[in-house]
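Before any comments, here is the structure.
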């Protein structure tokens with residue numbers, strides 16, 4: 001008995017601290033990655049949840065032109081993400097999460113683009129400056145740090161599965177889109193029978209990835225970076241929205257709907273009288289209400305698009 005007491009009391013304090021630190025590290029290492037992501041991005045969720053654009057979208061306060069541009073931003077974002085996923089489909093840190101048939105959105109977004117812009121939609125659209133930054137980050141990760149693709153795939157697809165149906169109904173109601181799904185194919189996962197069960201299966205696959213503590217922490221950090229991109233766009237969106245409102249009041253002119261004689265467009269006619277649009281076409285071609293500041297419109301597009309992805313998190 002006395003020997004046991006002496007052994008216990010004789011343990012060096014530094015060894016006790018090291019032992020406790022090791023136990024804590026082992027516990028963290030064993031934690032599910034999905035839980036680490038949920039806890040690690042909680043603050044970012046709270047910040048995004050309180051932005052005006054999120055509140056407005058949930059209320060159905062969205063214009064069709066902005067929704068079209070939002071679809072454009074989503075198309076470029078998912079094209080980049082799925083290109084890198086295809087590139088890394090055999091990488092051990094990502095392969096278990098490769099579900100192109102069930103999850104990939106590019107084909108659905110292509111249908112939405114054709115619905116909104118017509119067959120020659122590729123000639124009418126371009127990636128916004130803000131969305132381009134995120135696209136570049138996705139490509140960088142896919143080429144140099146493919147294990148971090150987990151953060152982007154999980155953030156996007158799990159959010160889409162969680163809140164997609166809610167967002168689809170909001171868009172259809174607010175924009176009077178067809179109930180048969182035209183314009184909202186992005187939110188339809190035809191090859192996922194039960195979204196809740198698939199999400200559980202996906203999280204299980206993710207939690208089973210053979211990742212060390214450092215890699216898990218980097219994945220959480222990468223997820224927060226995605227939220228940072230979104231928050232920057234939201235700030236730009238608020239400023240651009242204010243500018244757009246002021247210019248709309250000043251001009252008081254609608255934008256041509258892209259159908260019929262372009263010369264009957266009030267905006268075109270008014271500007272033609274000023275000699276500002278000689279030899280040009282209706283501004284509808286680029287789907288922008290503010291022709292003089294196209295960058296603002298693309299900021300709005302990217303903001304609404306990425307807001308849609310963030311909104312979905314709140315229904316997980």
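Just so you know, glycine gets a Cβ as well, placed from its N, Cα and C.
These figures come from a predicted structure and were not determined experimentally.
For reference, TrEMBL has these:
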type: REGION; residues: 1-31; note: region 'Disordered'
type: COMPBIAS; residues: 1-12; note: compositional bias 'Acidic residues'
type: COMPBIAS; residues: 13-31; note: compositional bias 'Basic and acidic residues'
type: BINDING; residues: 38, 45, 154, 203; note: heme b binding site
type: TRANSMEM; residues: 295-315; note: transmembrane segment
Where the record names 38, 45, 154, 203 as binding heme b, the maximum Cα to Cα distance in Å: 19
Other CB atoms, at most 10 A from the CB of residue 154 (heme b binding site): 21
